[in-house]
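J.: Okay, here's the structure, questions in a sec.
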Amino acid sequence: MSKSLDISTTEAEQTVTEVIDTIVATTPDVRRAVADYRGQSNSVNPTGDDQLAADLRADELFEQRVLGIDGVASYASEERADVKTTDGRLHVAMDPLDGSSNLEPNSGMGTIFGIYSEQPPTVGTNLLAAGFVIYGPITSMVVARDGSVREYILEDGDKRVVDDDVTVPEDPTVFGFGGGVDSWTDEFESYAEAVRHELKLRYGGAMVADINQVLTYGGIFSYPALESRPEGKLRVQFEGHPMAYILESAGGRSSDGDQSLLEIEPDELHERTPLYLGNDDLIDRLEANID
């Protein structure tokens, strides 16, 4: 059963701040784990993806430290089947190491998180804050909270603001579409063909990096419904909700092809969804094209 937010706004805000600061403080250890735990773990996550040792180590680090915060009642992760609970008030859902398949070629990876007022699985409108970390040439963090989005540079477990008002640029420049082209539906392929002639391809295999391209340059990111997988690939709770919260807070839109991703109330913790995120007009056209 979900635990409701039964605390004052001040207490909730303090806990949200503690969660964000704890994630910031953990990032140096996650970067070390990426270097030290590059091998396979011979296990799979609840949705069948192969897990690297780095996936498990990042999950372990965040679980220990986030659940150590007095105000946190539960921790849910893409890497574990069930929610881990304790006494507290707010609820954290994470993709501890997004894009870990990029580890072998040493490409972009990151961490995605959402802070909820209700225990997952829950609707996206229960988010109080969401964000992601990119472990790139520099470590950066984007956080959506209280209707605005900020970008930080992370150094030695601390953060400094580099942009206190991140907004999606009005003139879109880039696009990135996941899933095998041969598996795209005819409707989505028609839309994608039009977009290819308007925008530049930017797709790196890590959602954090691809979404940051949209935040930086404007455009659209999608992992669509496929003929072979109409339910989509990405997880509502761990990827869809947090990224939708960020994009919508930055003036963009999110959609599952019909409604805002934030309106989805998953029945299962690891439920998947088609996912479309970007500039308003591009999402409007997408919905009209696949309707």
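Glycine is no exception: its Cβ is also placed from the backbone N, Cα and C atoms.
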J.: Can you pick which of E78, E79, E118 Swiss-Prot lists for the same Mg(2+) 1 site as D95, L97?
T.: E78
J.: Given that Swiss-Prot lists D95, D98 as binding Mg(2+) 2, which residue among E239, E248, E263 does it place in the same site?
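T.: Only hit among E239, E248, E263 in Swiss-Prot's Mg(2+) 2 site, alongside D95, D98: E239.
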J.: Rounded to a whole number, how many Å is the Cα of D95 (Mg(2+) 1 binding site) away from the Cα of E239 (Mg(2+) 2 binding site)?
T.: 7
J.: Can you name every residue in this chain, apart from D95, D98, E239, with its Cβ inside 8 Å of the center of the Cβ atoms of the recorded Mg(2+) 2 site?
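T.: Checked against the 8 Å cutoff, the neighbours are E78, M94, G99, G110, T111, I112, F132, M207, V208, L234, R235, F238, P242.
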J.: Which residues of the same chain, at least 6 positions away in sequence, have a Cβ lying under 8 Å from the Cβ of Y203 (substrate binding site)?
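T.: In sequence order, F175, G176, F177, G178, D210 meet the Cβ cut-off.
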J.: Given the binding-site residues E78, G99, S100, S101, find the one whose Cα is closest in space to the Cα of E239 (Mg(2+) 2 binding site).
T.: E78
J.: Where does E78 (Mg(2+) 1 binding site) sit in DSSP terms: helix, strand, or coil?
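T.: Assignment for E78 (Mg(2+) 1 binding site) reads coil.
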J.: Neighbour count first, Cβ atoms within 10 Å, every protein chain included; then name which of E78, D98, G99, S100 tops the list of binding-site residues.
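T.: Highest number of other Cβ atoms within 10 Å: D98.
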